[in-house]
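Chemist: One structure coming up, written as structure tokens, with questions to follow.
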Amino acid sequence: MKCACVRECVCISLIAYEMAASSLDAEAAAAGQQDKAGSGSYTTAATAHQIDTDSWQQVGVLLVVGFNCAYVLSFSNLMMAPLGWGWGIACLLFIGAASWYANWLLAGLHVIDGQRFIRYRDLMGFVFGRKMYYITWFLQFITLILGNMGFILLGGRALKAIHAEFSSSHSPARLQWFIAATGFVYFAFAYFVPTISAMRNWLATSAALTVAYDVALIVILIKDGKSNKQKDYNVHGTQAEKVFGAFGAIAAILVCNTSGLLPEIQSTLRKPVVSNMRRALLLQYTAGAAVYYGISVAGYWAYGAAVSEYLPDQLSGPSWATVLINATAFLQSIVSQHLFTVPIHEALDTQMQRLDEGMFSRYNLGRRMLARGLVFGANAFVTALFPFMGDFVNLFGSFVLFPLTFMFPSMVVLKIKGKDEAGRWNRIWHWGIIVASSVLSVVTTAAAVRLIVHNASVYHFFADM
């Protein structure tokens, strides 16, 4: 099973690598586009998507609703249960603050030497050369693919839970059917709402859905927590299981707080792009974090170490409340998942579409259907084949988000400032970040791989979980 999934990811990665090679040349050739809006001017790479159009409030709300997505329904189990109260709260606060700082730092690197970097890979390629361009693109690609698989799986589980509430049969339809339906709905949304900026018309709806399922969830969690007198907050397992579980939880906390796609999100902002992005980040790490951390802590408080991998499965509320939470979480995830998949769509659209025509020209509509179908068809198939929720979160949090969030921004700062300008203590600070995040990346990746190996030995192809 594991080999099949690895082959699938390797094949997709090879396609992405070839696309990245041609993309780098195309972007370099088109880098003469001048952006004169606002104060100052800079060069930007060619893109099929909109840039320099959105307010910081719009992007801030997009980040808040994006990170308060259906993944929140799994974070009590993934983040708190393996750590317990003391280490759990400490890690939530520390990793949240560290992620805020790292993204704040990266936002300040959006314009260098008069060039605006609308893609993370462009920034790394400009500073370190072609090899780092490919490495960054590969890591981002893995982030997007695994993250989207997690969204598809969560959406499928939500639909299956709704179906189970209305089904008279004790054997509801298999999870794979709901995964396929989720993949199709995501495909349709990505087709008709092709860019991040185009999501502005859906933000109010997404925010309302977020509030609906968060409030309903909190009310039932408080009710269950008060009635549950047998809560166990101990971390169970052998010493090795506890250690690996703790590092897996650290990776999940990082996933909860960052995406590794900040330059792509920042590209949509109007000038001044640095201060506007930092305002949007402030909204995410205050209002947004208060909600997704609150849900995670409340779920652990209500059920303790026995908290479910998918909270709605454990709720004792009435059927209508369970249906409401699952339905609103599914609908909200349609918008949220798009934010974290758009960079792949942008790369494909820039390569496959005619940039001198509108996004909805007949030619570009046909090319976009092909591109979106490839992405969601492959993702839905692998998700149905390998439906292990914790694996998606822990693996892309450990393997790719530690470098993208912590290592790379510090590397860029050290490179562009040089020894003299950076100063001794500044160099020590950034080298400390690079070394610490490298170690954590290795250890948490080992924990995630261990989880995958365990699940591969327990479950089978197309497991109905």
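Numbering starts at 1 and runs along the chain as it is shown here.
Just so it is clear, glycine is given a Cβ too, placed from its N, Cα and C backbone atoms.
Keep in mind that what you see is a predicted model, and the values were worked out from it rather than measured.
Marked as domain 'Amino acid transporter transmembrane' by TrEMBL: 53-448. For 59-79, 85-112, 133-155, 175-193, 202-223, 243-262, 282-303, 323-348, 369-389, 395-416, 428-453, the entry in TrEMBL reads transmembrane segment.
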Chemist: Any chance the transmembrane segment (282-303) and the transmembrane segment (323-348) have 3 or more Cβ pairs under 8 A, given the pairs are 6 or more apart in sequence?
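Modeler: No; fewer than 3 Cβ pairs under 8 Å.
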Chemist: So what's near the transmembrane segment (59-79) in sequence-distant terms, Cβ-Cβ under 8 Å and 6+ beyond its ends?
Modeler: 88, 91-92, 150-151, 154-155, 158, 196, 199, 203, 206-207, 210, 214, 217, 248-249, 252-253, 255-257, 259, 265-266, 268-269, 276-277, 279-284, 287-289, 291-292, 295-300, 303, 307-312, 329-330, 332-333, 335-337, 339-340, 389-390, 393-394
Chemist: As a test: from 133-155, 202-223, 243-262, 395-416, 428-453, pick the stretch that has the greatest number of Cβ pairs under 8 Å with the transmembrane segment (175-193).
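Modeler: Comparing 133-155, 202-223, 243-262, 395-416, 428-453: 133-155 has the most Cβ pairs near the transmembrane segment (175-193).
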Chemist: If we skip the immediate neighbours and take only residues 6+ beyond the ends of the transmembrane segment (85-112), which ones have a Cβ under 8 Å from one of its Cβ atoms?
Modeler: 42, 79, 123, 126-127, 233, 246, 249-250, 253-254, 257-258, 262-263, 266, 273-274, 277-278, 281, 285, 289, 293, 296-297, 300, 405-406, 408-410, 412-413, 416, 433
Chemist: Using a threshold of three or more Cβ pairs below 8 Å, and leaving out pairs closer than 6 in sequence, do the transmembrane segment (323-348) and the transmembrane segment (369-389) count as in contact?
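Modeler: Answer yes, regions in contact.
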Chemist: Any chance you could find the range in 133-155, 243-262, 323-348 with the most Cβ pairs under 8 Å to the transmembrane segment (202-223)?
Modeler: 323-348
Chemist: Of the listed stretches 133-155, 243-262, 395-416, which one has the most C-beta pairs under 8 A with the transmembrane segment (323-348)?
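Modeler: So the stretch in question is 133-155.
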Chemist: Near the transmembrane segment (395-416), which residues from the same chain, at least 6 beyond its ends, have a CB less than 8 A from one of its CBs?
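Modeler: Residues 98-99, 102-103, 105-106, 109, 112, 120, 123-124, 127-128, 136, 139-140, 142-143, 146-147, 247-248, 251-255, 258-260, 422, 426-427, 430-431, 433-434, 436-438, 440-441, 443-445, 447-449, 452 contact the transmembrane segment (395-416) from elsewhere in the chain.
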